[in-house]
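Worksheet: the structure to be examined is printed underneath.
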């Protein structure tokens with residue numbers, strides 16, 4: 001990559017990283033996708049996601065799976081890590097966390113397709129696994145999003161692996 005392509009990336013390689021413990025959308029950064037002529041998935045797995053229950057203040061733990069088909073922009077991975085870390089002291093329901101993450105990334109990237117799946121560890125004997133997806137309107141990706149939403153969990157895993 002040229003210096004011009006990475007001039008707006010402020011976090012990658014920064015030795016004085018500031019870890020924000022409160023939700024902060026402005027942490028996210030993107031760079032140009034040099035393969036816009038290809039449809040391809042980029043997938044991130046975050047096995048150490050934490051947030052707080054908005055009622056009890058107790059920590060919630062999850063693995064977050066994020067997959068997307070980029071268009072013009074790709075998310076910079078260190079900024080994504082710090083953005084997800086910023087949920088550490090953020091009090092919100094699991095469903096809201098996953099939907100907010102998805103919408104923030106759609107706003108930043110304008111991807112062709114994006115999905116976020118949160119697999120939260122059980123609390124009180126029940127686990128919650130919210131799923132968000134987006135397909136660009138009036139394209140095949142909108143149809144893909146509808147199909148994947150309807151079929152995303154046909155064969156649910158057992159939860160004894162968490």
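Backbone N, Cα and C atoms are what each Cβ position is placed from, and that goes for glycine too.
According to Swiss-Prot, the feature active site, thioimide intermediate maps to 53, an assignment based on sequence analysis. Around residue 53 (active site, thioimide intermediate), a 10 Å sphere centred on its CB holds 14 further CB atoms from the protein chains shown.
Summarising the annotation, Swiss-Prot assigns active site, proton donor to 60. Counting only residues at least six positions away in the same chain, the Cβ atoms of 50, 51, 52, 53, 94, 120, 121, 123 sit under 8 Å from the Cβ of residue 60 (active site, proton donor).
Its Cβ taken as reference, residue 77 (substrate binding site) is surrounded by 13 other Cβ atoms within 10 Å in the chains shown. The substrate binding site annotation in Swiss-Prot covers 75, 76, 77, 94, 95.
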Per DSSP, three-state class assigned to residue 94 (substrate binding site): helix
Candidates 76, 95: member of the binding-site residues with the richest Cβ shell (10 Å): 76
